[in-house]
Amino acid sequence: MFTGIAEEIGHIRQIKRSGHSCTLTISCRTVLEGTKLGDSIAVNGACLTVTRMDQDSFDADVTPETLRRTSFSICRPGSPVNLERALRLCDRLGGHIMLGHVDGQGKILSFRKLDNSIEVAITLDKALMRYIVEKGSVAIDGISLTVAERTDTGFTISLIPHTGEKTILMDKKPGDPVNIECDYIGKYIEQLMKDKPGEGLTLGMLQSLGHGGSYGL
């Protein structure tokens, strides 16, 4: 699991392609501290396994499924990437819980300066828009962000200067793709409702799932 707080901006050093998959070599330093072979690192929000490492880089294999759902297919040597090590139980949860399982890609629509922040508008397929909730959480290229406004075709987020400096989002331009991971809680609820057709969402169901006690229900 991850929190969506990028620890470092790394750079893709090499891409070894093989059919519909590839191996990435990524230059970095901070995320290698305490990391060992087999550990997970989120690369632009996608959970990848460290298969080789040295003092300033690591390798990770990208499967056909990950390549299809993410923007790795258009990455080139030198491309910057957001990096985050997997969450430890003793860490602060500064963002929101993320699994590192990218749902799909959105596209940058526009940037707009608003006082001390930048409003970023993103378009997203309708299939994923049902998981986007105003004031809810969404991961964009592995960054935990809050949905400011929801539209029929996308949503906006507000980016503070610190986040812009510590991540690659401000390096993007309109039309560029971004990896999107929706809040997993909504997906689980949707699946639970599909598995119980005709019952509807009831207080008893919520309580059986461990909800309601601390909310006065």
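Each residue, glycine too, has its Cβ placed from N, Cα and C.
Because TrEMBL annotations are produced automatically, they should be read as predictions rather than curated entries.
What TrEMBL lists as repeat 'Lumazine-binding' is 1-96, 97-193. Summarising the annotation, TrEMBL assigns domain 'Lumazine-binding' to 1-96, 97-193.
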Ask   = For the repeat 'Lumazine-binding' (97-193), what is the mean per-residue pLDDT, to the nearest integer?
value = 95
Request  = Helix, strand, coil: count each for the residues of the domain 'Lumazine-binding' (1-96), based on DSSP.
outcome  = 13 helix, 43 strand, 40 coil
